[in-house]
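Annotation source Swiss-Prot lists 5-phospho-alpha-D-ribose 1-diphosphate binding site at R42, G43, D93, D94, L95, V96, D97, T98, G99, N100, T101. Look at Swiss-Prot and you will find D94 tagged as Mg(2+) binding site. Sequence annotations record features per position, and here Swiss-Prot assigns guanine binding site to D97, I140. Taken from Swiss-Prot, the feature GMP binding site covers D97, T98, G99, N100, T101, W139, I140. Residues or ranges marked as xanthine binding site by Swiss-Prot on the basis of sequence analysis: D97, I140.
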Amino acid sequence: MSEKYTNEKYVVTWDMFHMHARKLAERLLPASQWKGIIAVSRGGLFPAAVLARELSIRHVETVCISSYDHDEQGELKVLHAAQTDGEGFIVVDDLVDTGNTAKEIRKMYPKAKFVTVFAKPAGTPLVDDYVIDIPQETWIEQPWDLGITFVPPLARK
């Protein structure tokens, strides 16, 4: 079902992310079964764009749930919700971690297919499909959260 990775930090490049998101799109074929995509903002916006392109889906909604402030998980707040029960929709997020957000998503969209690119053990039972297994204690650095910076050559240190 998925690939495994173990380490304290997992740095995802844009190329890796795109490859994994396309793999997820392949699993969602045929595209004709879907009415649209619901992206879990903000992390789900990136895989939603790839899925929308690969599956030729134009109807993209969002559900905006706030739970993280950089690396700290806090209280869930639903800021905006797509108005559907999810039937015929793919709900996509970048990651399922503790499962707190996923539980709320399942309540809101019980008939949707819920997928993520990455999954940690606590959240795995709550999604219908995912691409990469990540250990619970591993922090994922997503490419949209990173910047490119100069690193001096080792010989100069």
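Any Cβ shown, glycine's included, is placed from N, Cα and C.
Spacing of R42 (5-phospho-alpha-D-ribose 1-diphosphate binding site) relative to W139 (GMP binding site) is 17 Å (Cα to Cα, whole number). You'll find the Cα of D97 (5-phospho-alpha-D-ribose 1-diphosphate binding site) roughly 10 Å from the Cα of I140 (guanine binding site). All protein chains considered, the CB of D97 (5-phospho-alpha-D-ribose 1-diphosphate binding site) has 24 other CB atoms within 10 Å. Among the record's 5-phospho-alpha-D-ribose 1-diphosphate binders, R42, G43, D93, D94, L95, V96, D97, T98, G99, N100, T101, no two C-alpha atoms are more than 17 Å apart, and one pair sits at exactly that spread. Separation of the C-alpha atoms of D93 (5-phospho-alpha-D-ribose 1-diphosphate binding site) and W139 (GMP binding site): 16 Å, rounded to the nearest whole number. Under the three-state DSSP scheme, N100 (GMP binding site) falls in the helix class. Between the C-alpha atoms of T101 (5-phospho-alpha-D-ribose 1-diphosphate binding site) and D94 (Mg(2+) binding site), the distance comes to 12 Å.
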